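Beneath this line is the structure, given in structure tokens, with notes to follow.
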């Protein structure tokens with residue numbers, strides 16, 4: 001409470017009468033008796049109407065407000081929708097002579113014009129989406145009130161007081177934290193900025209507490225479950241704390257645009273000690289490897305208690321936690337994966353890959369990179385700050401990539417604006433536009449120092465953009481929400497619009513670029529399980545009447561999923577003879593012994609193939625990422641699965657590698673079934689099977705999901721999951 005804090009007033013500055021009100025947690029002292037002047041000697045507050053008790057009707061209110069899943073002892077309602085409370089007085093209420101009103105307060109410096117002090121008078125009629133109260137029922141000493149909150153009010157935890165007017169002053173109820181009321185965004189209310197009109201979408205994007213992360217790469221899409229856990233104990237308070245941490249003025253917390261903007265900065269630890277510290281270097285000392293997390297709850301609770309960044313995250317971890325934050329507050333949100341995502345350091349819509357004389361990529365001069373995939377979020381809201389038509393899904397991204405207005409943050413950027421090339425509209429649309437639209441340009445430095453364009457790939461980046469299906473665990477492609485069909489008239493127009501609005505695009509129509517058009521080259525990588533050999537097949541198609549010879553170079557690299565190379569593990573050069581009007585295929589075998597010792601946690605390879613047509617001196621270049629198949633965990637249950645009764649869960653895993661796994665960590669969690677459990681194993685010999693049995697008592701009936709992960713230095717990204725139907729007792 002604030003008795004101690006109020007004595008030390010913060011120093012005021014010359015610009016504002018009150019210090020900034022940016023903490024939901026801090027409170028002011030509210031007087032129980034507010035006298036109008038001198039109080040006569042015989043005055044006894046007990047002679048007047050007095051509040052004896054307040055009933056919050058938590059169960060019925062929360063069912064109507066779709067907040068009954070929150071594991072929280074206090075009332076949680078959504079804004080712009082009425083809810084009921086009951087006030088018990090010391091005697092029957094008489095509307096002729098008695099006057100009372102309600103007061104909702106938030107923060108330490110409540111002010112009516114800022115929406116942080118809200119007095120509510122009793123009226124005959126409730127206006128939709130405006131603060132008001134009306135009596136719906138009177139019985140003995142009690143009255144039942146229907147209260148309407150404003151559809152634009154601040155989102156957070158409010159304190160409730162009932163004030164009674166007497167001739168000598170105002171009498172208030174004591175501070176009672178049991179009547180605290182959380183008010184959230186309301187996608188069910190038409191006047192709310194986050195209104196979403198489809199019930200199935202609201203169930204998915206607001207109420208679903210488990211989601212799916214698509215990872216891997218464009219040729220080998222992998223998926224894993226992520227537990228958002230937005231209804232779990234203390235998560236709502238942790239999410240409100242994030243806004244305090246970001247020092248977002250309370251009066252701005254009714255605006256989803258502002259909330260998304262500050263949250264995209266506070267989700268990462270760069271420049272503000274936010275929630276998650278990123279690490280992309282495969283060294284995760286004093287922290288949890290990003291691949292080991294299975295959900296957001298542990299991360300948010302650790303941050304809420306320690307106030308220090310949680311180590312470590314990569315893009316899907318930032319996106320998973322951001323999604324929890326948005327859904328928890330009531331903003332519809334979904335997690336997006338963009339395959340072959342451009343990280344364009346100078347935002348010129350062009351990723352420059354520099355080749356040396358042998359046709360190898362020169363890693364010292366190449367600064368841009370293509371991520372195998374990148375995850376971000378979309379949040380649903382109106383954009384009154386932009387022209388009509390740019391509301392709806394907005395890109396927000398908590399992964400620290402580039403700074404925006406001096407901080408590592410990104411968004412909200414309108415998906416519709418990105419599609420049509422209107423990248424002049426705030427926030428960060430040019431960066432997102434480049435992530436899905438850049439060209440890859442292969443350049444070679446000639447002997448005289450000039451740069452020669454050898455090859456341009458216009459379709460590699462942003463080939464596939466996906467999210468989880470509504471109501472099902474499948475994949476839904478949303479590429480066309482971000483871009484028009486490759487090569488279509490509309491696509492060119494959107495690009496010209498983006499260029500007009502100032503995106504830098506170098507012209508490649510210079511005379512020096514004349515590609516070899518009569519030979520096509522492509523390659524396929526055989527699907528392979530971690531630990532086995534596989535082959536790469538390079539195919540040439542000679543469409544001319546000439547015979548050519550191609551000096552071909554294959555470079556196999558172990559890469560981070562961000563496309564940054566760790567090392568080259570395979571070099572192979574051969575000469576290919578290309579007969580007229582024919583296709584020829586060449587196999588290169590990759591042995592497990594060549595890659596196993598250096599493999600990174602996402603088992604990611606990246607192959608470059610460059611071929612010089614000796615007769616013309618022209619270069620063909622292409623690249624492809626590939627991911628190995630990683631073994632999965634098997635989850636089984638035993639016994640009846642009933643809420644409130646003990647059940648048993650078993651996790652099994654067989655080591656597929658030709659080596660012993662050491663210091664293995666297993667994790668298991670399931671929202672509504674069990675909190676995260678962890679077990680360490682010293683060793684798992686090759687080909688042996690590990691079995692771990694856990695007892696738990698599920699607390700919520702319905703269809704739930706169990707998620708498990710295994711982690712050790714030699715093997716990461718090992719997951720398993722199981723849907724379980726928990727019966728009502």
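Placed from the backbone N, Cα and C atoms, the Cβ positions cover glycine too.
Per TrEMBL, the feature region 'Disordered' maps to 1-29.
Here the domain 'Transglutaminase-like' (307-400) has a mean pLDDT of 90 out of 100. If you look up TrEMBL, you'll see 307-400 marked as domain 'Transglutaminase-like'.
The active site annotation in TrEMBL covers 315 (among others). Around residue 315 (active site), a 10 Å sphere centred on its CB holds 27 further CB atoms from the protein chains shown.
The C-beta environment of residue 374 (active site), restricted to residues of the same chain at least 6 apart in sequence and closer than 8 Å, consists of 315, 337, 338, 341, 343, 399, 435. The active site annotation in TrEMBL covers 374 (among others).
Residue 397 (active site) has a Cβ environment of 31 other Cβ atoms inside 10 Å. Look at TrEMBL and you will find 397 (among others) tagged as active site.
In this view, residue 439 (Ca(2+) binding site) is surrounded by 20 other Cβ atoms within 10 Å of its Cβ, with every protein chain counted. Marked as Ca(2+) binding site by TrEMBL: 437, 439, 486, 491.
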Who sits close to residue 486 (Ca(2+) binding site): which same-chain residues at least 6 apart have their Cβ under 8 Å from its Cβ? 458, 459
Spacing of the two Cα atoms, residue 491 (Ca(2+) binding site) and residue 397 (active site), in whole angstrom, works out to 24
Distance check, please: Cα of residue 439 (Ca(2+) binding site) against Cα of residue 397 (active site), rounded to an integer number of angstrom. 22
437, 439, 486, 491 excluded, remaining Cβ within 8 Å of their centroid (Ca(2+)): 458, 459, 461, 462, 483, 487, 495
The domain 'Transglutaminase-like' (307-400) resolves under DSSP into 15 helix, 41 strand, 38 coil
So for residue 437 (Ca(2+) binding site), how many other CB atoms are inside 10 Å of its CB? 23
